[in-house]
């Protein structure tokens, strides 16, 4: 989120003179630098002021806003295309002058060529006038060629830069829009869709600008050339024109089909990226549930449908590309067949002028024009998609009176407030709410799951639309979200969040939020870098950073959404006393909490249930009025039912948003790692750089690319087809010249045979005509048929390669250890699945086919030219050497620039994903403008690389074109100087081929360099297909089908680290958990509680041995192990998809079993109210349900799995005490025959366990029955209980005393650990960290849940 702008080198283009700009001299020093050593980010030039994201974006935004206002007045739909034309139309129209001049020169060139050939046809050594004329034509020809070189370069420079500007401006607008979307709009879009808009749709603007002008230049040029052809060969030209006229509508129709396929592909790509986003975000849960296969099947199926559409597009492209090569053959064939059938004799000059003119029109009409139609139809689709996004509704920004001078009596006043998340559902989220909060007061909001507590805060924030009633907020608001949001950057930048650093205040805030000790344990203190999804922080640390950010802001009203649930009792008490009631004591505070022990300190308590206020007042008033607050913690069946069914409309968006923060992207702050020990220096710094290959793209990458989709036999067939097509292609030209020469010889021989019988010559002529025409027809047919076949076969092969590479990459990502996702931001992973795959799907195949066909054509051209005039090889060979040297010189720089362009693109996506997760926090803090600036800075960095990429390719093209122009000049003047002994046919062939060859040659070299640049995408994908893999899912050693039948778990000297060589987070753990035993696990942040879960599920391979029912877990497959254990995670992850798929992705259970499981967790009535019941498709991240309801869905999954071992990882941190009780009761009833490990912060959750395991710093500190441990007043558990307060401590002790002592279950550790005391502050850190580890596991569940459940 922070964008530390590096010092860039000033852009030399800004100060370059006219000649330097035209001949690109300003770029040459960089090319030399890139040739000598690899380029780094610091070598890039700063972006030109007029290309800056902010300037471009704001200008287009202003025009778009005006267009929207105007359209609203005129009662029509606004048109994004109008805004684009208004903004960039004039400057782009000027580039049309370049196009027009370019194409005019191309029309003049064949005429000059005809004049030169005519001189040789009528060669007279004594005619000096003709000689001077032909020198004039030759000079004009050379000037035209040089003119073309410079104009083409200026044209491409201008239009490509315009394309870049439109793309950058559009990205700016999309991001600005994303920051303002209201809750209803967020239902209609997904992170996947927005990432796809930024990665694929906006790229159409880079492509469309190149050829758009040919939509009018093409037809105009065609008309001029038809007139010239009529002048040259009369009405016969109409035959060729007819063929072209037939081809145009076909190609226009192709263009429209491209648009249709593009629309379908875009929707499928959105879906694929959305699912990828969910998979990457929820990877821990997917792995612990062993759900890789259903997700793999889901992605493979969507990818298969996407490839079907891409294949159709590719076949059309193949036909277009083949048409480009075949059309000229068909046109020339039709023209000359009609010409000779009309009785005309063909001459060499006519042949070459006609062929050259058709060659000119061929490029425009059969390549640029259809390409313009294709790109236009694709761009129209993208513009429509972007417009639909830009027209989504935004949140209303209400100005709140900030006057600090007047004395504010009431900070928040709410009267009769009613709100709906979704009007289509009957019940409101909040109904008739009346609250008055005076300044300096603490208002505590409590209530069961789904009661509308978070909805109340979102209404105050303005996120939940008000249907009726009055809501007034005086003063500045700040907000700490329920699910902590942190962004990539330092801890300091997360806390300051754009405000100035006041050292004294900062220090006070850190102490109040219990962060001081944590920071001392981190390698770089508060300057420690934290990456996406919180790879380096624990859940408790994240929650405290999130709280510290809110506290540091200078606000009047603080909205705190359950900040105490993610921390242990001691830290919770510290935060409440020192921060909420200490540092903030003079501020207005609204605290949502489930920690009822803090209610006595509140000035007001509001009890919510089903969106209504059940009671309001102080603690004493509530007790006096007959509301028994303690009863809130008691649960009879009735109360439980109420708790879970409350708020059936579920604030569908609220929870979507809160979840979204967790699942939708790499969470912006690293999840709390379990403690200092899980905060290794390496983990902290691994985020910094994305890997970038260096040097040439290896042959191995090419081999993997081609062999992925084609067998060796297919590759051989392709080469054979290509050779046959090329031979037919060249023989057709040669045969036409041969025929013309024979005609010429016949004509010159005719005067001698005048006396012979006239009748005798007719059969011979007819025989000759049939013979020549027959061969000519056969060669044309062969060239066309083989050309089309070759093109289609290659395209099919390359698209299949793209499919195989994608599937291999997805499979490798699924099978790589969890550590990979901790150190790689989600944007970086999604970049490969969106932009790189998109390039391999569509751009790379068309460029490769272009190079491949041109390569064969060039070889053929050189071969023919060398047969006619061997001297042609003299300039061609040095030309080839110079070209290849230039290509190598250019590629050194260009490859690095392309790689930089790929890596500078990732932060743009990461920043977007981060922002979408923390949308409410960002808006509550009013930080939109700052994040906009950071986004612009990321865009500018990408623009630096993109601009260099465009400029280096222009530099290369300019140098190649200049060398080619020299060759044409030498060849033209060479032919005239060596005029004695040269035939007209030979000169025509040489000059035509030199012009063709030079154009083709330099284009082939440029496109081959482009292929090499694009192969960096293949290289990046191949890199991910070779990721380190975790242990196999199944091994030859399979456990018995009924394993584990008992549930005996034994840890034998187990040590564990998250990464190879990283610090140990568990050290030498030995313990045995008996069958059916219920064990509670407690400890400070970072004690290693969540690591215990990771090691049990083998999320990374531990040292030591773990046995389950005597089977060594490291010897069996991961799926065999993970499917036999159930986990209820800390963050309930639901996935987009049906409710059924969320519960049972393998379809292993009947409807009856699913309903029974839902009934057992009190969720049946909620699901029955959904429109499609079990088939209801859930919102992103399970947005239709509240956090507590999602937690119950996870419990239902565990009930369905019926495993002997159950792990509960902080599953009740985000639910109220009644729901907690309900979950505990269900666990006691349904899992009485199971071994249960419960990790919890709430001691009442685990005090009734058979034994309690206390962890500290990765080692076992205590392990015994609760009552025995509580007898030891020096023990860690005793101290934790005392911190809950006298009343609760007494209740806990009483509960422990009532439990039967589990004889014979005590562990040898009991003796070792009882006397040990825990070290002061580190314990806080440890416990908190433990919670965090759990949280990250839950995040994954969140994601899965999100695929398949409803919301708050």
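The backbone N, Cα and C atoms fix where each Cβ goes, glycine too.
Just so you know, TrEMBL annotations are computer predictions that nobody has curated.
Features of the protein shown, as given by TrEMBL:
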DOMAIN    93-377  domain 'ABC transmembrane type-1'
DOMAIN    412-635  domain 'ABC transporter'
DOMAIN    717-1013  domain 'ABC transmembrane type-1'
DOMAIN    1049-1282  domain 'ABC transporter'
TRANSMEM  83-102  transmembrane segment
TRANSMEM  134-157  transmembrane segment
TRANSMEM  214-231  transmembrane segment
TRANSMEM  237-254  transmembrane segment
TRANSMEM  319-342  transmembrane segment
TRANSMEM  348-369  transmembrane segment
TRANSMEM  713-731  transmembrane segment
TRANSMEM  771-789  transmembrane segment
TRANSMEM  861-886  transmembrane segment
TRANSMEM  956-978  transmembrane segment
TRANSMEM  987-1005  transmembrane segment
* Asked: Hey, does the transmembrane segment (771-789) touch the transmembrane segment (319-342), meaning at least 3 C-beta pairs closer than 8 angstroms, sequence gap 6 or more?
  -> yes
* With the domain 'ABC transporter' (412-635) as the reference, find which of 93-377, 717-1013, 1049-1282 contributes the most Cβ pairs under 8 Å. => 1049-1282
* Considering the transmembrane segment (348-369), which listed stretch of 214-231, 237-254, 861-886, 956-978 counts the most C-beta pairs under 8 Å -> 214-231
* Beyond the flanks of the transmembrane segment (134-157) by 6 or more, those residues with Cβ under 8 Å of it -> 22, 24, 95, 98-99, 101-102, 105-106, 108-109, 112-113, 115-116, 119, 210, 950-951, 954, 957-958, 961-962, 964-965, 968-969, 972-973, 976
* In the same chain, which residue numbers or ranges, 6 or more beyond the ends of the transmembrane segment (713-731), come under 8 angstroms Cβ to Cβ? -> 325, 329, 706-707, 779, 782-783, 786-787, 789-790, 793-794, 797, 852-853, 856-857, 859-861, 863-864
* Structure fact -> Averaged over the domain 'ABC transporter' (412-635), the pLDDT of the predicted model comes to 82
* Quickly jot the same-chain residues contacting the transmembrane segment (214-231) by Cβ under 8 Å, restricted to those at least six beyond its ends, or write none. => 96, 99-100, 103, 106-107, 111, 237, 240-241, 244, 335, 354, 357-358, 360-361, 364-365, 368-369, 371-373, 376
